[in-house]
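Swiss-Prot lists HIS150 with the feature active site, proton donor/acceptor. Residues or ranges marked as active site, proton donor by Swiss-Prot on the basis of sequence analysis: LYS154. Positions annotated as NAD(+) binding site by Swiss-Prot: GLY12, ALA13, SER14, GLY15, ARG16, MET17, GLY94, THR95, THR96, ALA118, SER119, ASN120, PHE121. What Swiss-Prot records for HIS151, GLY160, THR161 is (S)-2,3,4,5-tetrahydrodipicolinate binding site.
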Amino acid sequence: MNQTPLRLLIHGASGRMGQALLRLAAEHPESLQIVAAVTGRAPAQRVVDGVPFFAASELPGAPAFDVAIDFSLPEGFDPLLALCVERGAGLVSGTTGISSSQRQALEAAAASIPLVWASNFSLGVAVLDELVERAAQALAGWDCDIVESHHTQKKDAPSGTALTLGAAAQRGGAEPHYASLRAGDIVGEHLVQFTGLGERIELVHRATNRDIFARGALFAARQLQGRAPGSYRVRDLLQ
């Protein structure tokens, strides 16, 4: 039976994640169709490999889409969120640095559309998030430490993913402590350690390729299709 491809709008198409999304989505033309690629500035070419490109200022004129995937900058976030609500389209966003007012706008939009915002779209990290919460619940009174390692160009510390894992530990009743390492070209490594008397548990996730984040975002977009309005976590979409 023929399946209608999921129509995607890629917001932040000129960035590293945007380029990965365009490349990986093109590997599945039977199920994914990029109907618009949006960049901050006017594109040098209007159509590249069959994908129409738009400047951010032209966003209101984008063709119909089912889900927008956003890896851009906070200043471009508001118009995209408004367009998704107006069109009744889902939103997958990994844009970092959004303000508290933008987070409130996300919460309000979840009453109208299905959406997911995450600092990390790795499916492995989504599972780790759940494991950390369960371990914290079961190991009351144990020390909880989170050590994150990344490449030398990463400026923020602790990483957004480390803070997300810390929030999972806190939901389970633990009080996490953080340590950060910047070295070489490490894509991303997160260790969550629970230490008791005479024993410890180490939960580790290692990313060796940045494509995992783009694949996770495409997975999230597929999973949002047909879902009721609401704010979802990546781990919710695995169930």
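Backbone N, Cα and C define each Cβ position, glycine as well.
Keep in mind the model is a prediction, meaning the values are calculated, not measured.
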Discussion item. Just to verify a number: CA distance, HIS151 ((S)-2,3,4,5-tetrahydrodipicolinate binding site) to PHE121 (NAD(+) binding site), in angstrom, no decimals.
Written reply: 18
Fill in: Three-state secondary structure, which DSSP defines for HIS150 (active site, proton donor/acceptor)
strand
Item to complete: Pop the Cα-Cα gap between GLY160 ((S)-2,3,4,5-tetrahydrodipicolinate binding site) and GLY94 (NAD(+) binding site) into the table, whole Å please.
Response: 11
Fill in: Pairwise Cα distance maximum in Å, NAD(+)-binding residues per record: GLY12, ALA13, SER14, GLY15, ARG16, MET17, GLY94, THR95, THR96, ALA118, SER119, ASN120, PHE121
20
Worksheet entry | Listed recorded positions (ARG16, HIS150, LYS154), ranked by Cβ neighbours within 10 Å, top entry | HIS150
Discussion item. Can you tell me whether DSSP puts GLY160 ((S)-2,3,4,5-tetrahydrodipicolinate binding site) in helix, strand or coil?
Written reply: helix
Worksheet item: DSSP three-state call for ARG16 (NAD(+) binding site): helix, strand or coil?
Response: helix
Worksheet item: Where the distance is taken from Cα to Cα, which of the recorded positions HIS150, LYS154, GLY160, THR161 turns out closest to SER14 (NAD(+) binding site)?
Response: LYS154
Worksheet entry | Cβ neighbour count (within 10 Å, all chains shown) around GLY12 (NAD(+) binding site) | 26
Practice prompt. Taking the Cβ of PHE121 (NAD(+) binding site) as the reference point, list residues of the same chain whose Cβ is under 8 angstroms away and which are at least six residues distant in sequence.
Written response: VAL92, GLY94, ILE212, PHE213, ALA214, ARG215, GLY216, ALA217, PHE219, ALA220, VAL234
Worksheet item: Which ones, of the recorded positions GLY12, ARG16, THR96, LYS154, have a Cα no more than 10 Å from the Cα of GLY160 ((S)-2,3,4,5-tetrahydrodipicolinate binding site)?
Response: THR96
Worksheet item: Cβ distance under 8 Å to THR161 ((S)-2,3,4,5-tetrahydrodipicolinate binding site), same chain, sequence separation 6 or more: which residues?
Response: SER119, ASN120, VAL125, GLU148, GLY188, HIS190
Discussion item. At 10 angstroms around each C-beta, which of the binding-site residues GLY94, GLY160 has the fewest other C-beta atoms nearby?
Written reply: GLY160
Practice prompt. Using Cβ-Cβ distances, find the residues under 8 Å from THR96 (NAD(+) binding site) that belong to the same chain and are at least 6 apart in sequence, listing them in sequence order.
Written response: SER119, GLY160
